[in-house]
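Please read the structure below before turning to the comments.
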Amino acid sequence: MSTASLPAAARHPAAGRLSALRVPPSVALSLAILALVLAWSLAPGLFTAYDPTRGIPAHKLMGPSAAHWFGTDHLGRDLYARIVHGTASSVTSALLAVGIGVLAGGLIGLVAGFLGGLVDTLLARLVDVLLAIPRFLLAIIIVTALGFDTVNTAIATGISAVAVFARVMRAEVTKTRQATFVEAAFLQGGSRWHVLWRHVLPNASRSVLALAVLQVGLSILVIAGLAFLGYGDPPPASDWGLLIATGKDYLKWPWLVYAPALVTVASVLSLNRISRWLRRTD
Amino acid sequence: MRHPYLVYAGRRLAQAVVVILLTYVFTFVVVSILPGDPVTNVLRDPQNGFSEEQIQAIVAAQGLDQPLLVQLWTALTHFLSGDFGLSMRSSRPVATLIAEVLPSTLALASAGLAVALGLAFAIAYGTQFLPGRLGSGLRALPSLFLSVPNFVIGLVLIHAFGFQLGLFRVIEPESAWATAFAAIALGIPISAQIAEVLIANLDHEARQDYAAVARSRGLSPARLFARHLLKPSSLPVVTVIALTVGELLGGSLVTEAVFGRNGVGSLVQRSAAAQDLPVLQAVVALAALIFVLVNLAADLVYPLLDPRITLAGPAARRPGKADEAPHDAPLRTVTG
């Protein structure tokens with residue numbers, strides 16, 4: 001693929017720069033989709049003139065058209081506007097969840113891998129426990145104990161992701177810990193903190209970053225699942241999962257399910273593609 | 001009696017017991033530490049209409065007035081003797097409540113696993129034999145399957161086959177057709193994980209010398225696949241299947257809600273809505289028990305299935321999953 005595009009790239013400077021970064025077209029498309037989703041969550045007002053909460057009863061359950069791209073719902077609200085305005089909540093929840101997973105899981109993995117010995121064994125059992133509970137069930141238990149709202153579903157999703165991050169971080173740290181250059185850094189008189197900060201963390205960051213991107217997508221799915229079961233904010237919030245849950249009661253008007261589902265799938269697919277790309281290129 | 005397999009099995013068994021016990025303690029601690037007091041929330045809810053004496057009686061019966069460590073000890077000893085306590089919502093034994101709904105969920109989960117396996121092997125077979133774009137298109141399928149929420153797959157199936165084609169009626173969720181489609185919805189995301197490992201392993205085996213030798217002998221691709229590649233490629237799938245058990249159980253919770261089935265998922269939902277923690281805790285313990293036992297079984301069976309595994313030293317680890325297998329190794333050289 002890249003060899004075939006080389007002569008063309010020489011003619012078009014922009015394309016040349018793109019191929020110099022070695023960004024495959026599917027990754028570029030994924031980045032574009034995510035940029036759009038991010039823009040929706042930052043400034044939803046720029047993308048739609050409709051109010052996501054106020055509907056026109058006479059216009060209820062209209063099919064997709066030029067005026068209403070994704071149709072309207074049972075209260076006559078524009079579905080596209082509801083999706084665009086619900087993006088911020090879905091995206092920030094997923095980011096919050098992954099943030100919790102990276103920080104808590106990363107710390108556990110780092111300590112376990114770097115210190116080793118008894119600490120490692122104890123933390124390994126804790127991770128085993130977290131892995132033994134089905135992720136979705138664990139999230140439900142935690143959100144039940146915390147109370148039902150969207151922030152709590154994000155926290156619960158984050159806690160349920162801790163084990164995965166801990167395992168990957170521990171594996172990376174253990175691998176780097178045995179490398180010759182780490183030994184050399186210690187021999188040169190580097191302190192533990194210096195070696196950790198300068199050598200171990202940068203080497204682990206690549207895998208953890210790829211995992212984090214993948215987990216943003218997974219978290220979107222888990223949070224949508226929790227919202228679907230009604231553990232998030234109630235309507236008129238318009239998280240993607242909640243929109244699908246509302247749509248399931250109106251399956252005769254299938255765009256109410258398909259439109260938010262399409263947006264969810266496109267976002268998660270893009271994140272998976274980028275994560276795969278991050279893992280592959282060196 | 002220091003046979004390496006027995007040493008390995010013993011260590012693995014002890015580890016499983018420890019994890020099951022720790023899981024119970026962990027859930028207990030999570031439920032107790034997190035804010036939100038089920039006693040005040042549930043028992044003092046005016047809708048339930050308990051008098052103060054009744055509340056005191058329930059609190060005393062559940063042992064909720066004891067210190068936390070005493071509660072944990074009581075709960076743990078009862079759990080070990082198979083007594084999961086009483087539901088706070090209905091005052092019925094938790095074990096009975098779970099026993100009522102477990103068969104439905106187990107049926108769905110095993111049907112889902114069957115769908116996942118069939119689909120995964122079909123996809124993997126296709127990637128090896130379908131020419132050109134079709135084959136590489138199949139390689140993208142697992143990634144797509146992993147990006148669709150499983151409740152959306154369920155809704156699409158209900159819309160297409162229930163509403164449009166009339167194959168099953170939504171008001172009869174336990175009918176054969178409805179169960180089959182629920183199993184498909186549950187199985188599709190799980191098939192993706194199995195297929196990814198299977199494809200990576202097949203690619204790896206197809207690059208080995210023995211495969212080249214077989215090809216040079218004039219073995220057709222189909223026979224090469226069936227006789228030589230399939231067995232070493234699918235052995236590691238045993239461990240992957242064991243790892244997906246958690247997702248099978250977790251996925252059933254959502255799938256049951258979509259298809260309106262009365263299983264563990266709906267019990268969890270009712271209990272979560274009522275903050276009925278004894279039930280939730282028992283379900284978590286049970287799910288963890290199933291997960292740990294299945295993985296224990298997989299780990300114990302694996303060295304017996306695969307003679308290449310040696311149990312001496314650190315080799316007694318889990319055989320490689322997808323992330324260790326080369327994911328994007330160069331295309332195999334096609335001969336013949």
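Along the chain as shown, the residues are counted starting at 1.
Using N, Cα and C of the backbone, Cβ positions are placed for all residues, glycine too.
What TrEMBL lists as domain 'ABC transmembrane type-1' is A:87-275. What TrEMBL records for A:27-47, A:94-119, A:126-145, A:151-169, A:208-231, A:251-271 is transmembrane segment.
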Open item on the list: When you look at the transmembrane segment (A:27-47) alongside the transmembrane segment (A:208-231), do they share 3+ Cβ pairs under 8 Å, ignoring any pair fewer than 6 residues apart in sequence?
Closed with: no
TODO: Residue list, the transmembrane segment (A:94-119) vs rest of chain: Cβ under 8 Å, 6 or more residues beyond ends.
DONE: 126-127, 151, 154-155, 157-159, 161-174, 177, 192, 196, 200-201, 204, 208, 212, 215-217, 219-220, 222-223
- [ ] Take the transmembrane segment (A:126-145) and find every residue of the same chain, 6 or more past its ends, with a Cβ under 8 Å from one of its Cβ atoms.
- [x] 108, 152-153, 155-157, 159-163, 166-167, 170, 222, 225-226, 229, 231
